[in-house]
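Here is what TrEMBL says about this protein:
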TRANSMEM  A:20-39  transmembrane segment
TRANSMEM  A:51-70  transmembrane segment
TRANSMEM  A:76-103  transmembrane segment
TRANSMEM  A:110-132  transmembrane segment
TRANSMEM  A:138-162  transmembrane segment
TRANSMEM  A:183-204  transmembrane segment
TRANSMEM  A:229-251  transmembrane segment
TRANSMEM  A:271-294  transmembrane segment
TRANSMEM  A:306-323  transmembrane segment
Amino acid sequence: MDRSALQRGALGVDLRPGRALWLVAPVVLAALPFVADALGDASITTLATRIVILCIAAASLNLALGYGGMVSFGHAAFLGVGGYTVGMLYSHFVAGAPFLGFVPGTDQMLLTLPAAMIASGLAAAAIGALSLRTGGVQFIMITLAFAQMLFFLFVSLKAYGGDDGMIVRRRNALPFLDTRNDTTFYFVCLVLAAAWLGLLSRIVGSRFGLVLGGIRQSERRMAALGVPIYRYKLAAFVISGMGTGLAGALLGNFSRFVSPDMMHWTQSGELMIMVILGGVGTLMGPVLGAAALIGLETVLAGWTEHWQVVMGPLLVLIVLYLPRGLGSLVSRKAGGRHG
Amino acid sequence: MAEPLLAVEGLVKRFGGLVATDHLSLDVREGELHALIGPNGAGKTTFIAQLMGELRPSEGAIRLSGVEIGRLGTAARVRMGLGRTFQIVQLLPDETALDNVALAVQVRHGHSFRFWRAARRDASLRDPARDYLAMAGLAARADVPVSALSHGEQKQLELAVALAGEPRLLLLDEPMAGLGPSESRQMQDLLAGLKGRIGMLLVEHDMETVFALADRISVLVHGRVIASGDAAAIQASPEVRVAYLGEGDV
């Protein structure tokens with residue numbers, strides 16, 4: 001048995017140093033809405049739902065950014081495409097007129113979530129196919145440019161609310177479950193997040209994941225091994241985009257509102273901050289990053305209207321003193337990319 | 001006569017007005033070690049880059065076992081049996097020695113669009129990888145991260161990774177560079193052991209190694225081959241003495 005196998009559990013996650021966290025976290029997460037009810041503060045559940053949803057997006061970005069070395073500054077585009085898929089399908093469902101004349105609208109989550117992932121996957125394929133012909137700073141800039149193009153496209157789409165965005169009057173429905181109940185919706189998001197993170201952890205440890213990690217470390221080496229690099233990067237970018245689209249679809253359902261702001265470059269930046277804050281190229285890093293960023297935002301915003309003034313220096317300090325992210329606090333090896 | 005393993009004919013590479021490769025012709029037979037020597041700036045690395053498909057030649061033909069590969073991409077050439085080591089090591093620094101070789105085995109096994117099974121526990125990748133490590137003399141260092149290996153060990157690992165690709169023709173770009181005397185001897189023994197099994201094109205500055213290992217030697221100066229032959233012929237050639245070895249050195 002080799003070293004890395006000993007350190008990794010069934011899902012390829014590190015079980016040694018952060019073991020306590022792995023046992024405690026599911027219990028805390030499952031109990032959270034009930035504790036919130038007991039405290040009479042329903043906003044805790046709402047906050048946790050938002051964090052869980054953005055965990056999906058941050059972890060997805062991390063597949064491209066952390067594991068694949070593709071620093072995308074345009075992932076908000078996929079968040080927005082996911083959200084708008086939900087919003088547009090809902091508006092066509094309400095209006096009864098099919099989208100483009102042949103795609104019927106729907107309010108069924110079992111249809112809207114896969115549709116959102118397909119739509120954002122296609123967007124990622126198109127944007128990735130062009131952007132991945134470049135690298136380094138050009139890649140950062142071109143992904144940013146594409147995301148801004150989509151942003152302005154949706155701003156100008158008056159049929160879907162333009163820059164006002166569009167309201168999704170009711171959350172998408174699930175059979176046997178009442179998604180309008182915040183606790184139920186929280187658990188739906190939690191299960192999806194766990195499933196998506198589990199899938200990502202398998203991907204990272206699979207043959208595909210190893211090739212992706214190899215490309216990040218040395219493209220020349222991988223090319224000399226005979227790897228067609230572009231294809232693998234594009235595939236990872238598409239998977240990353242699909243996960244972000246899933247998060248966007250859930251976010252649209254969560255706030256029952258989608259707007260071009262979901263695609264704004266500041267949103268892309270926020271996703272990047274989550275990844276960097278938590279720990280680039282680690283499985284749990286983005287989860288911690290998302291929790292920390294949204295948690296801080298909420299706490300500081302409740303305290304002062306100028307919360308950014310506090311948030312900025314705080315982020316700088318965290319990155320300065322924990323260059324491997326918050327994950328390195330929990331697990332000694334979280335900063336490394338593998339065991 | 002049978003088609004040589006590698007046949008290069010009239011290869012030209014121009015960068016603007018500069019001719020880096022000037023009607024270069026050369027061949028490597030099956031199992032042969034053909035050394036390519038030449039002063040700095042002679043175009044050796046440019047030549048290797050063209051063989052691997054990293055640079056596109058301006059003119060000329062490159063054939064592997066009679067098949068023209070001059071227009072193929074790197075990945076396609078590697079699938080046809082080309083492999084290389086790098087002068088400046090190109091390894092995956094975050095991974096262990098074994099991971100590096102196992103990845104090479106994995107890539108040779110076919111595409112890697114497999115997303116579920118844990119590749120680091122796949123015996124069909126790990127076991128052969130251990131064999132290649134052992135072949136390169138690194139069996140005991142399998143689980144050491146690349147960043148903790150000595151320079152000499154990294155050079156050995158370069159070779160193990162290249163061998164894991166099971167190349168028919170191996171391009172060795174200065175495998176001795178930066179090695180100490182004992183490491184250098186070890187590498188020389190390794191390469192001697194590969195002779196007869198794999199065709200090798202060895203670019204090297206270490207003359208002792210070249211004269212000890214090479215079946216044939218070609219001398220490259222200003223992008224063109226000025227002499228080709230066995231060690232004795234090269235050492236005797238007056239042009240080579242003037243152009244490369246320098247009168248005082250031999």
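Using N, Cα and C of the backbone, Cβ positions are placed for all residues, glycine too.
Of the two recorded stretches, the transmembrane segment (A:138-162) does not lie close to the transmembrane segment (A:306-323), with fewer than three CB pairs under 8 Å once pairs fewer than 6 apart in sequence are set aside. When Cβ-Cβ distances under 8 Å to the transmembrane segment (A:229-251) are tallied for each of A:110-132, A:271-294, A:306-323, the top count falls to A:110-132. Of the Cβ pairs linking the transmembrane segment (A:183-204) with the transmembrane segment (A:51-70) and spaced 6 or more residues apart, 3 or more are under 8 Å, so the two regions touch. Within the same chain, the transmembrane segment (A:110-132) stays apart from the transmembrane segment (A:306-323): fewer than three Cβ pairs sit under 8 Å, each pair at least 6 residues apart.
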